[in-house]
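Student: Provided herewith is a single structure, encoded as structure tokens, for subsequent inquiry.
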Amino acid sequence: MNDWSIDAARAGYNVTHWSQGFYGISDQGEVTVSPDPKNPDHKIGLNELAKDMVKAGVALPVLVRFPQILHHRVNSLCQAFDQAIQKYEYQADYLLVYPIKVNQQKTVVEEILASQASKEVPQLGLEAGSKPELMAVLAMAQKASSVIVCNGYKDNEYIRLALIGEKLGHKVYIVLEKLSELKMVLAESKRLGVKPRLGLRARLAFQGKGKWQASGGEKSKFGLSAAQILTVVDQLKENDMLDSLQLLHFHLGSQIANIRDIRQGVSEAARFYCELRELGASINCFDVGGGLAVDYDGTRSQSNNSMNYGLSEYANNIVNVLTDICNEYEQPMPRIISESGRHLTAHHAVLITDVIGTEAYQVEDIQPPAEESPQLLHNMWQSWTELSGRADQRALIEIYHDSQSDLQEAQSLFALGQLSLAERAWAEQANLRVCHEVQGLLSTKNRYHRPIIDELNEKLADKFFVNFSLFQSLPDAWGIDQVFPVLPLSGLDKAPERRAVMLDITCDSDGIVDQYVDGQGIETTLPVPAWSAESPYLMGFFMVGAYQEILGDMHNLFGDTNSAVVSIEENGMTNIESVLAGDTVADVLRYVNLDAVDFMRTYEELVNQHIVEEERAQILEELQVGLKGYTYLEDFS
């Protein structure tokens, strides 16, 4: 590509749109991060950052966190709602509640809470969906507004802990997910002498579209029907505790791509709110739950990996709908709460790792088949000669399909013993020559060619063996076909010469990234610069800050990666604030109840039995180092 430029690279990887300005490509072809939007000229080259960490003894793969991105995401969302409240003259405020299930890492939660440390009245609270999460937020919520929202299924202990939170000075909303929870709350609150703050999760009829749409609608796992909500109101009236009902909650599902779905869901929920107010409930908080999407592919569309709205439009629609419906019912406007964890955390983390090797198809010259060869091979040779000397553009697709059909027949004949191994190898190489030639002759401007182009890009793609576990670091890519931006961290000033797929180092054929951001769409292969072992480049997996760490599993006993917290100082200097070591081999063995100490005893017995005395110390040291070592590959040069 003679017309390749840095702008072409930026457009090709669509960095401008999915990165929200946090990541970019420099004029030198290096991927950069600008974690502090107040100082956009303060950039860090990710390639150099990774090399510096490796020199300091931090082995790849490493998950790099940028806390300044978390700060910006918190404050930009709060600002969007503040502006919408002012625009529509809304008579209440906004509170951002972070659901820690999205990323429970101490650094992440603390940085989110610290993002508004300078505010006189912080607009932050925390959400818990289990007893362990509740124990965590009880110890951390005082750093913000002390508002805690308790979701999820509950037992008596969960409820007691939530009520104890009130005694500790927190404002704890216990959201009823099912009818039986009310009886437990009433009993435990009486026993502890604590008046509860109650919330209801309404089960809306409306269901948003997306991968998590089952979270909403009449068949959703959580929430109360209209009849059950009325039962709660009646029981609270009987116990003279209707004033304890202070919050209405609903959830349309994570990653709602279409703003119309959000508007419609809020509209239905707002009528629940107003009807409950008319029944005498003292509800003053309207919790819209999650759903605020992240544009993983940068297409700004209604796809499952994107969103067709921005922050201002999101806030404006919620505030506008609530304003209109509250005015219609002549009811007071409630405090708006959202639980937007994915939006806050996705961009702040990037996984950086190395390519340990590549495998490319080798297209070789072929000679005509021997005269006595099966007719099938002569047919394949004829297809190749017609293609290499052809003048008829319309024959391209026909020749390609004939070659594919002939290859399948050759493989079948080999399985029946009617074709030799050498003849099968010739057939495969002839097909590869045809595919390679056709790939260079097809045009993306011809819509009949596009499916074949996609097919050939996938068939002829290089394999990049990358030092990571898909199941540990990008589990959603495997489990729900989530798209994450992937790109080389350097060399992007040169035109991509190859297309590649990224394979992890697990012993599992599912350990492959099979979707890539490519321009304004998704492809099954990634355009990459030429790669060589003498001058390798690193790979970056972006927007992995939401859910991936806590959902990651230890397939093949690959554990947590090393991680680092990095920021930019006011003077533009890079500050590696902290480094957390990933799991060692001994750590992951312990997770599955295997004891490294016992193993060492066994190793010693085996060494004494089978190794000559002068080698025993060295062998035992190697085994001990192996147990203490990183679970990922370190020595493959």
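Count begins at 1; order follows the chain as displayed.
Heads up, the Cβ atoms here are built off N, Cα and C, so glycines get one too.
What Swiss-Prot records for this protein is below:
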| type | residues | note |
| --- | --- | --- |
| BINDING | F286, D287, V288, G289, G290, G291, L292, A293, V294, D295, Y296 | substrate binding site |
| MOD_RES | K101 | N6-(pyridoxal phosphate)lysine |
Student: Can you tell me how far the Cα of V288 (substrate binding site) sits from the Cα of K101 (N6-(pyridoxal phosphate)lysine), in Å?
Tutor: 17
Student: I'm trying to understand the geometry here, so how far is the Cα atom of G290 (substrate binding site) from the Cα atom of the residue listed as 'N6-(pyridoxal phosphate)lysine', in Å to the nearest whole number?
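Tutor: The Cα atom of G290 (substrate binding site) is 12 Å away from the Cα atom of the residue listed as 'N6-(pyridoxal phosphate)lysine'.
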Student: Round to a whole number and give the Cα-to-Cα distance in Å for the pair V294 (substrate binding site) and K101 (N6-(pyridoxal phosphate)lysine).
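Tutor: If we compare the Cα positions of V294 (substrate binding site) and K101 (N6-(pyridoxal phosphate)lysine), the gap is 17 Å.
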Student: Work out how many Å separate L292 (substrate binding site) and K101 (N6-(pyridoxal phosphate)lysine) at their Cα atoms, rounded off.
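Tutor: It is 16 Å, counting Cα to Cα.
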Student: Take the C-alpha atoms of K101 (N6-(pyridoxal phosphate)lysine) and Y296 (substrate binding site) and report the distance between them in angstrom, rounded.
Tutor: 20
Student: So if I draw a 10 Å sphere around the Cβ of G290 (substrate binding site), how many other Cβ atoms end up inside it?
Tutor: 23
Student: Give me the non-local Cβ neighbours of Y296 (substrate binding site): same chain, 6+ apart in sequence, Cβ-Cβ under 8 Å, ordered along the sequence.
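Tutor: Residues satisfying the criterion: W18, N305, S306, A346, Q482, V483, F484, P485, V517, M543.
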